[in-house]
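Per Swiss-Prot, these features apply:
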type	residues	note
TRANSMEM	28-48	transmembrane segment
TRANSMEM	74-94	transmembrane segment
TRANSMEM	99-119	transmembrane segment
TRANSMEM	133-153	transmembrane segment
TRANSMEM	168-188	transmembrane segment
TRANSMEM	203-223	transmembrane segment
TRANSMEM	236-256	transmembrane segment
TRANSMEM	263-283	transmembrane segment
TRANSMEM	288-308	transmembrane segment
TRANSMEM	338-358	transmembrane segment
Amino acid sequence: MLYNLLLPHIHNSHIANLFHYITFRSGLAIIITLSLSFVTGPILIKFLRTLQKNGQPIRLDGPESHQTKAGTPTMGGIMIILSSCLATLLLADLTNKYIWITLFGFISFGIIGFMDDYAKVTKNNHYGVRGKSKLLLQGIISLIICILLEYTDKNPSHLLNIPFFKNLSLDLGYFYIVFAIFVIVGSSNAVNLTDGLDGLATVPIAFTAGSFALISYLVGNLIYSNYLQLTYIPNTGELTVLCAGLVGSCLGFLWFNAQPAEVFMGDTGSLSLGSILGIISVITKHEVVLSIVGGLFVVETTSVILQVYYFKATKGKRIFKMAPLHHHFEKHGWEESKVVIRFWIISVIFALIGLSSLKLR
């Protein structure tokens with residue numbers, strides 16, 4: 001909004017001219033989302049505690065230490081969604097189609113997550129909305145997003161770029177739409193599975209969003225994209241502002257979500273954040289890089305898949321003491337804080353490997 005209001009005055013005012021730069025607006029987005037989180041956090045937490053007498057239901061078959069979390073309110077993802085959306089609407093170019101498509105997916109998946117959290121709180125169990133129903137809704141929203149991207153682009157690309165190799169890509173044709181839906185839905189649920197300990201998912205999400213802030217900026221810049229031999233996609237640079245806002249809102253949320261957590265982001269936060277990372281990776285044509293930068297989410301999801309299939313195949317045997325993987329280490333006797341910090345370190349390594357693919361070809 002500010003960008004669009006100040007755009008006619010960029011040549012007459014030094015302050016207005018600053019808003020012409022994506023980097024300036026991105027830095028401002030971090031400051032605004034952090035500030036909004038610090039201000040609204042205590043108010044929202046108090047409100048959620050009033051509404052949720054018992055807080056988020058805790059699994060009885062989980063680590064015993066988790067029973068101390070009983071009574072902690074959920075739906076804290078509302079804080080992240082509101083601060084990110086407000087900063088984006090304030091600072092991004094509102095004539096940019098990618099901003100609106102991404103926000104549509106972000107809010108829609110947040111609504112699905114809210115429905116799930118609401119069902120858990122009202123029914124006082126950790127099951128919530130049926131898994132098949134959630135997947136169906138996620139698939140429909142992802143399909144709408146893919147159709148919007150397909151038919152608002154004059155020359156839609158169905159290429160899947162392979163990182164670390166020069167000019168190596170696969171032409172998926174219209175199957176790319178199916179693949180894109182898989183990326184968005186998969187990313188959403190992968191983040192959801194990772195969000196099982198205080199602060200565990202928040203920092204990796206921030207690292208991934210920060211990585212895609214850089215990727216969006218480079219891909220949307222003709223000079224940098226040509227230099228790095230990346231697919232140039234006009235107007236994606238504005239997504240840098242949105243990604244920066246996500247970084248700030250996640251760090252602001254971490255202030256209240258660090259152990260012992262005052263609030264959980266719930267499915268409201270995890271499903272929406274996972275989806276927006278998937279959407280941005282599809283827009284920037286860095287879907288495979290997302291699986292590297294967000295490698296921690298892939299590892300956590302893989303541990304669940306392996307556990308389920310092995311359990312069924314062996315009629316009751318398990319690979320891990322408990323899945324997702326972070327619970328396995330808790331069952332091994334690791335303190336929650338140690339699991340979280342070590343997983344953060346791993347997420348940094350994944351992010352660096354993913355970003356190195358931009359240059360190493």
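Cβ coordinates are placed from backbone N, Cα and C, and glycine is handled just like the others.
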| said: Restricting to CB pairs under 8 Å, which listed stretch, 28-48, 133-153, 168-188, 338-358, is in contact most with the transmembrane segment (99-119)? | reply: 133-153
| query | Taking 3+ C-beta pairs under 8 angstroms (sequence gap of 6 or more) as contact, is the transmembrane segment (236-256) in contact with the transmembrane segment (338-358)? | reply | no
| remark: Relative to the transmembrane segment (133-153), the stretch among 74-94, 203-223, 263-283, 288-308, 338-358 with the most Cβ pairs under 8 Å is 263-283
| query | Which listed range (28-48, 74-94, 168-188, 263-283, 288-308) shows the maximal number of Cβ pairs under 8 Å with respect to the transmembrane segment (203-223)? | reply | 288-308
| said: Counting only residues 6 or more past its boundaries, what in the same chain has a CB within less than 8 Å of a CB in the transmembrane segment (263-283)? | reply: 41, 44-45, 48, 56, 72-81, 98, 101-102, 105-110, 112-114, 116-117, 128, 138, 141-142, 145-146, 149, 180, 183-192, 194-195, 201-202, 205, 208-209, 212, 216, 233, 236, 239, 242-243, 246, 250, 253, 256-257, 289-290, 294, 297
| remark: Residues outside the transmembrane segment (74-94) whose C-beta sits under 8 Å from one of its C-beta atoms, at least 6 past its ends, are 1-4, 19, 25, 28-29, 32-33, 36-37, 40-41, 44-45, 48, 52, 55-56, 100, 103, 106-107, 110, 113-114, 117-118, 120-121, 238, 241-242, 245-246, 248-250, 252-253, 256-257, 263-270, 272-273
| Are there residues at least 6 beyond the ends of the transmembrane segment (338-358) whose Cβ is under 8 Å from a Cβ of it, and what are they? | 163-164, 197-200, 203-204, 207-208, 210-211, 214-215, 218, 228, 230, 259, 289-290, 292-296, 299, 326, 329-330
